[in-house]
Amino acid sequence: MSAVLEEAPVTERTAHSGGATSATLDLALFEARRLLTRIPMLLAFAAYVAWIVWRTPKFEDGFPALQNADRATQSGPLLVGLAVMLCANHAVLRSQRHDTERHFGVLVLTPGRRTAAHVLSVVPAVLLVAVGVAGQFGWEALRPGAVGTGSVAELLVGPLLVLLFGAVGVLLARLIPSGFAVPMAIVLFFFLFFAGAVPTGTGERGTRWLAPVVGEMSSGAIPSDLMDRPAAWHALYLLGLGLTVGLLAVVAGGGRGWALKGAVAAALALAVTGGVAQTSGLPAKTVVARAAATNNPEKQQTCVNRDGSTYCSFPEWQPRTATWASVVRHVQSLAGGRAHTQPVLVRQRIYATDGLYSDGAIDPSANPYQVTVGTGWGGNRVPEFSAAVSSVLVAGSEKATGGMCDGRMVTAMWLALSWQPDPMRSLRDVRLDDSVTGSAIVLSPTDPLQMTAGQTDVVRELLAKPQQSVAAKVKAHWAELTAPKVTSARVAELLGVAAPKEADKCD
Amino acid sequence: MTTTVSASGLSLRYGATRALDDVSLRLTPGVTGLLGPNGAGKTTLLRVLATAVPADGGAFTVLGQDPGTAAGRQEVRRRLGYLPQTPGFHPDFTAFEFVDYVAILKELTDRGARHREVRRVLDQVDLSEVRGKRIRKLSGGMRQRVALAAALVGDPGFLVLDEPTVGLDPEQRMRFRELIAQAGEGRTVLLSTHQTEDVAMLCHRVLVMAGGAIRFDGTPAELTARAAGRVWNSTGRDPGAKAGWRTGTGSFRNVGNPPEGADLAEPTLEDGYLLTLDDAGVRAGVAA
């Protein structure tokens, strides 16, 4: 014998405890769960995570400036944003597609609130992207070589983009009830972008800030207080735009009332305020500060002494001076004569006049034994700095290295590269054309150097020999090896390798 | 007896067509059948009572609320269950998700209570076993029961069912009858159908509509009684019959005004319905 217990139906009192707002939130949660499990969303999030995992370790060669790392989080969420736009649009059109509106139209929750729920349903995707952004930035910030300061406003751009794109998807569904609207909108957006109709502007500020993501031409870094990107205004602009579009979708979905109209007006005010403020001109004090940092960096820098040499950097780069000192130590340990103990001044120099909008060349210093270092580090920057140190030790100053067309180039390059973990790879990295044969330009923080094919051959041969045996000869013949006009053939002879087939080219 | 729905003088025009013409009615708890030919205005009446479309004229109340006001309409919707004709589904949803979705749209906001309620109504329509199955994988009869569960969720006081048994096989229809009968216990159900036997078996009251107006309002027995003495058997189709058809025994069953000395037969509700339509000037006869 068995007893059947029938459950009591939900009564008015318990069922409708929260009212319309609570139901709207419940529906938003329901829609959010579905949104996050759509295939385009899963693919977009997988691609986004893969992009973070692939890109983060490589960013700025593992020595990120956090004022650049924050901005680097902004392009990945675009893909998620497009997926959210597509899926939110699809979800709004679901009722029409399956003809459930006749039924749902007589249910309690109004179409306006249902639209609001669709807009709110993108919030978890926004939060997930925020987690992704935080993870990506946090990963960068925790790297041992990280320097500088990130901006919360820059970090907000990615999540706000997703909010904006999701709201656009919902609004499009309410205005154009067709599944083709979003794909067409995406195609149109890219068409306009490539046709140049999307604002790109002609200056550092201006209309280019009306675009959702505002990148920079320069790949370098400058101190965060000199950047002066209107990131907070841009975040406000995106937030205002996202809210405006979302609220307009609610209006288009049938939402009415003074509160809604007021919210639309407030959101629009946010968008306009942010939009106008971000496009205004660069403050005069920033222009002055940038000029000072470019022309007289010493006034903004702090210096430390390591092993007798002095290392001056903008405050945010102070942690990196130990790394620079390590390079100087390596090069000097292989050098002979006075250069072995010569104190050098390593000064960080930047071209900050145009902010990050464009790059400019840094003139070589005429000061004796002063070496320029930039803001980047890791990867090719290490052999480049090493080449700058060795050539200054050989020639006496950066200015003097410009005339180093003779056999000194061989000594300088061997000093720069022989201590590296993989000297041949460093030789390739430091040359503009990534070659290890023939003539090539050698990159440096200031003016580049020039290696002839013959000098390259001699350097390559020297790098293949045991370091200590070459070092002993370098120290023994230091004066002759670093004498102006010494030929590469003579250098080769002194260091015990075959002479180059062609003579040095000193015009 | 408590009046759940009270309407007087309801009218609605679609262009030149008078879809509802001065409809007045009172509905009480139990199942009320709504019969009528295609285009009679049944679905329009149901949609008006379900607050899907407003009437042009007249007034009505549902469960004491006036749907003419926004607040009243919301209150009605809160206590209304509606199963539209050929209901739509979201095929990617499971049965549970679909009913849960409808429950949210009915503002059942206590998540735990709502989920219990969804399970209860799915159990009531005998779909507990397949509640996790996507709707696209359910049979037509199961889908119809999902729609009924969606209408029943939240224990509505007034249930509007628009031709819920269309397209179902006899076994499924039988099952549906049980469910509707169960649903009619303690609440008011308005059932629009073309199946006169459904009305005969389920309803305590029947309305017949034609041309947008109510042509009959009474019990099934009263509708059947309209055909008393107006149904007879003959060896051939009687030319004087409004309708007549050959039966399985080879004799003809005629409905209309019998000739003298005719072999009168026991009338059915369908006979009463046909004669009511005929009396209303609607051609509903069946030729042999």
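Each residue, glycine too, has its Cβ placed from N, Cα and C.
Owing to the predicted nature of the structure, the values given are computational and were not obtained by experimental measurement.
Annotated features in TrEMBL:
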| type | residues | note |
| --- | --- | --- |
| TRANSMEM | A:35-54 | transmembrane segment |
| TRANSMEM | A:74-93 | transmembrane segment |
| TRANSMEM | A:119-139 | transmembrane segment |
| TRANSMEM | A:151-173 | transmembrane segment |
| TRANSMEM | A:180-198 | transmembrane segment |
| TRANSMEM | A:231-251 | transmembrane segment |
| TRANSMEM | A:258-277 | transmembrane segment |
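Non-local neighbours of the transmembrane segment (A:119-139) in the same chain are 24-25, 27-32, 34-36, 41, 45, 48-49, 52, 55-56, 66, 69-70, 72-73, 76-77, 80, 84, 88, 91, 150, 155, 158-160, 162-163, 166-167, 169-170, 246-247, 249-250; each lies 6+ residues outside the stretch with a CB under 8 Å from one of its CB atoms. The transmembrane segment (A:74-93) makes no contact with the transmembrane segment (A:258-277): fewer than 3 of their CB pairs lie within 8 A, with pairs spaced 6 or more apart in sequence. Ranked by number of Cβ pairs under 8 Å to the transmembrane segment (A:180-198), the listed stretches A:151-173, A:231-251, A:258-277 are led by A:151-173. Long-range contacts of the transmembrane segment (A:151-173) within the same chain, counting only residues at least 6 positions beyond its ends with a Cβ under 8 Å from a Cβ of the stretch, are 67, 70-71, 73-74, 76-78, 80-82, 84-89, 92-93, 115, 118-119, 121-123, 125-127, 129-130, 132-134, 137, 181-182, 185, 212-213, 224, 229, 231-232, 234-235, 238-239, 241-243, 245-246, 248-249, 252-253.
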